[in-house]
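Here's what Swiss-Prot has on this protein:
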- 1-159: domain 'Obg' (DOMAIN)
- 160-327: domain 'OBG-type G' (DOMAIN)
- 166-173, 191-195, 213-216, 280-283, 309-311: ATP binding site (BINDING)
- SER173, THR193: Mg(2+) binding site (BINDING)
Amino acid sequence: MQFIDQANIILKAGKGGNGIVSFRREKFVPAGGPSGGNGGKGGSIILVADNNLQTLLDFKFNREIFAKDGFKGGPNKRSGASGENTILKVPCGTEVRDVHTGIILGDLTIDKQSLTIAHGGRGGHGNAYYLSNQNRAPESFTEGQEGEIWEVQLELKLLAEVGIIGLPNAGKSTLISVLSSARPKIANYPFTTLIPNLGVVRKADGNGCLFADIPGLISGAAEGVGLGHDFLRHIQRTKILIHVIDSIAENPIHDFEIIEKELKQYGNGLLEKERIIVLNKKELIDENYLKIIIKKLENLSKKKVLVISSALREGLPSLLSEVWNRI
């Protein structure tokens, strides 16, 4: 399934039904009064969060969405039926923003949470509504109101508790695959991962914690280089970031600094999040050189640096213990 995490859509609620002009016509009632009923309310458009959805793909080719109009009133003061509401299911973690003002209209983070965006128009009044002592046979009626029109941006921000970040080819996908049941595409070249991969990691008590492998960030990601903004938004809701560094890269220290710079420039509190620094691929590097890198990273980050091998599954219990202690 294609992963779509942003969509702009136009929502048009239903028009209210018109009121009607009608008079009571019954045998033995030669001068029946007004009996025109009111129109029904137009349908509204309601967004509902659904835990079973992981993408906004449904909105890729369905950019204009309508609700049903209300029905006109009937004789004998019968009100018209309301128009049917349109229910749009979106993934949990979907933020809804007004395209024109940038104002956030809602944030759907809980399964079955709902948000009415476009409200249906009110039904018009039939002539029975206008009966008065001064006018015993009114012939006035009103049309139903137009429904609201909204142009909104849907933006999916994953609800993972732990985000795994780092430059391309640092070993993030291998890490999430050995920690969880996730099966991302893995290969020895940059940008193997083009969409976030999610995996549930089980604690000792059996409870699950959602991890997200965020596609490799690059220098300039905060300004949108590559797919930077698309990737960075998905770590905004995480509680902890695991920063994976390739220990056999040409310059692991510089790689660390690149990601730190991008987190700072993107803002939104990313740099203030709890972070665990991890050196990966320990099995491929000289032990003495590894110690030098660890010391430099710890001096630079002011944090303890963990050393692991995702491929050999070494150091993972210590990493998970650190994660559980911080959540």
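The backbone N, Cα and C atoms fix where each Cβ goes, glycine too.
Ranked by how many other Cβ atoms sit within 10 Å of their Cβ, the binding-site residues ASN169, SER173, SER309 place ASN169 at the bottom. Counting only the Cα atoms, the space from ILE195 (ATP binding site) to SER173 (Mg(2+) binding site) is about 11 angstrom.
In the predicted structure, the domain 'Obg' (1-159) carries a mean pLDDT of 93. Remark: of the binding-site residues GLY166, LYS172, ILE195, PRO215, the most isolated position is ILE195 (fewest other Cβ atoms within 10 Å of its Cβ). Distance noted between the C-alpha atoms of SER173 (Mg(2+) binding site) and PRO215 (ATP binding site) is 9 Å. DSSP assigns LYS172 (ATP binding site) to a helix.
According to DSSP, SER309 (ATP binding site) is assigned to a strand segment.
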